[in-house]
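The annotation signal peptide is assigned in Swiss-Prot to 1-22 on the grounds of sequence analysis. If you look up Swiss-Prot, you'll see 23 marked as S-diacylglycerol cysteine. If you look up Swiss-Prot, you'll see 23 marked as N-palmitoyl cysteine. Residues or ranges marked as phosphate binding site by Swiss-Prot on the basis of similarity to another entry: 54, 55, 56, 84, 102, 191, 192, 193.
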């Protein structure tokens with residue numbers, strides 16, 4: 001596919017590689033556009049960056065690269081959406097300049113040490129893209145559905161088997177739920193979406209889930225389908241079905257999405273820029289210094305009313321100080337563009353623009369890259 005935008009040529013290759021090249025001469029600095037509050041983009045360094053990794057941030061990366069080439073004409077970034085694991089491996093092997101990943105570097109497998117060896121300095125995990133996960137459903141005659149953590153967990157592990165179960169009905173007063181059997185649909189492929197959804201079930205269910213979390217669905221019930229395309233296609237043809245999808249996909253396919261009742265209050269919360277923004281703003285950081293690893297358990301049991309709790313955070317994994325200074329300069333400029341002008345209209349790409357408070361934390365780390 002090819003997209004035409006003013007001043008830039010954009011192409012998304014079949015292999016999943018995103019390349020954007022701007023027209024025009026070089027520039028030393030560009031101020032952030034509307035919607036970016038993190039300061040100027042200081043252009044420079046090598047002309048072409050290479051990155052790979054998370055498919056969940058592929059759409060956001062299109063917006064980030066567009067912002068980069070607009071801010072720094074003549075500079076490019078090539079992003080290969082080949083999956084988080086592959087992206088981290090390529091970064092550790094010094095095949096790319098930074099990685100996109102659904103999870104931070106894993107100390108239990110020695111990844112931070114390997115990254116420090118590759119970089120000649122500590123690597124930093126910078127949470128840059130946040131995407132809500134929607135609980136989607138197809139129940140004939142039902143257009144509004146409220147769920148909470150314990151009830152959702154019991155649905156996805158098979159403890160609750162019909163839609164008019166008293167535990168579901170108690171959350172949906174005024175809605176006549178049918179006795180239709182519940183058909184759970186899950187991702188049959190390994191998926192960061194499955195991992196994060198099950199972390200929500202584990203963290204928000206008061207022990208009702210009991211299955212742990214991994215990239216493989218652990219619920220033990222239901223029918224599997226590959227990818228968002230597979231699960232949504234099966235959902236749309238199966239009355240009584242329920243699954244989980246990335247928000248952008250649920251919106252694009254016009255799927256019904258449940259509202260979530262959280263630990264912060266009795267009012268059900270829908271996915272909006274505001275509700276997910278509250279979650280991001282309240283995120284707790286457990287990394288040290290500029291290594292901004294998040295404690296995502298703070299998402300699942302929010303304390304602020306109106307926070308949507310099921311959110312996938314994805315990271316850009318960068319060197320704090322690159323062996324080649326020209327690479328460090330370019331990576332810093334790209335990240336400045338991503339968290340500045342790249343935030344404008346990001347919700348149109350299925351991700352949530354960074355709240356100003358979190359944007360400021362991220363900017364301090366980004367500006368320290370060298």
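Glycine residues also receive a Cβ, built from the backbone N, Cα and C atoms like all the rest.
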Given the phosphate site residues 54, 55, 56, 84, 102, 191, 192, 193, which other residues of that chain have a Cβ within 8 Å of the mean position of their Cβ atoms, reported in sequence order?
57, 83, 312, 314
Taking the residues 54, 55, 56, 84, 102, 191, 192, 193, which the record names as binding phosphate, find the longest CA to CA distance and state it in Å to the nearest whole number.
12
Which same-chain residues, if any, lie at least 6 apart from residue 84 (phosphate binding site) yet have Cβ under 8 Å of it:
53, 54, 99, 100, 101, 102, 103, 192, 314
Specify the secondary structure state of residue 192 (phosphate binding site) as given by DSSP, simplified to three classes.
helix
Which one is it: of the binding-site residues 54, 55, 191, 193, which Cβ has the fewest other Cβ atoms within 10 Å in this structure?
55
